[in-house]
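Read the structure below first, then the notes.
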Amino acid sequence: MYASKLKKGDEIRIVSPATSMSILSNEAKIQAKTALERLGYRVTIAEHANECNEFDSSSIESRVHDLHAAFFDPGVKAILTTLGGFNSNQLLRYLDYEKIKRHPKILCGYSDITALCNAIYQKTGLVTYSGPHFSTFAMKKGLDYTEEYFLSCCASDDPFEIHPSSEWSDDRWFLDQENRRFYPNNGPVVIQEGYAEGTLIGGNLCTLNLLQGTEYFPETEHTILLIEDDYMSDIHMFDRDLQSLIHLPAFSHVKAILIGRFQKASNVSIDLVKAMIETKKELSGIPIIANINAGHTSPIATFPIGGTCRIEAISGTSRIWIDKH
């Protein structure tokens, strides 16, 4: 099930299912709102988005209320999460999935929002989106690529190919917008060759793993698995988190793996990724592409969780298409 695509003049509701909006500077809030308005949308803020407790979040009741209010408001056409965090999985048993299913909306975010995106897809069949947060749109430089693929996925029905960005960044742009550091992007790296087509699931690896053994973990039959993690995940952590997924009985149905670019502080090189994959006989024969524009570096593409993805990795070159989103 796909929600209606965004059109100019539509309302986007900003909700904080994990970290509170209050940690953003006023300048960042204004910049992000202005960027979305420049794209032609109206921006409204959820009632409790700025609530903040000792966990830099708000109560479960407040966050569930805001998500329900956004989904059930007929004027709202899309929901953007403020940013990630650690606790959106607290909300899963309190969401009214049947009612969400009757009021499908675009839901977009990444990192900790992976729990919501995959759970809602699994419980309702509604395709959700691993893509920019509201806070991402506060970026003054280097936002064009992220905007382009957000619109391709959320404002159009047309199939599209995800091309690599010309450059990428891993700086703390939210602390210094003027002195950005960008690197040339060498593009995706083929770890294992092959062709695959399937339903896209996943997102942030350590957050996806929180859903294991629950009713919220997505079905893996005929799927392409998207995984990425932040600077706190070194190769040892990423290795064991991936191995945990591989041990799932249904993992054998996964047709391919896409791995997002690692942050520099993780110290994970492509050679380490290749060496890690070589240890996993369970992955033999499926295409694997690493260093794609997904995750905690910028820019990022938007990926439909529950949509249809097609990949080709042949002779050291790769292509990624999003056919249904």
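Including glycine, each Cβ sits where the backbone N, Cα and C put it.
According to Swiss-Prot, the protein carries these features:
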type	residues	note
ACT_SITE	SER111	active site, nucleophile
ACT_SITE	GLU228	active site, charge relay system
ACT_SITE	HIS296	active site, charge relay system
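Features recorded in Swiss-Prot, as mapped to the structure shown.
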residue	record	CB count, 10 Å
SER111	active site, nucleophile	25
GLU228	active site, charge relay system	30
HIS296	active site, charge relay system	22
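The CA atom of HIS296 (active site, charge relay system) is located 8 Å away from the CA atom of GLU228 (active site, charge relay system).
The separation of the residue listed as 'active site, nucleophile' from GLU228 (active site, charge relay system), Cα to Cα, is 9 Å.
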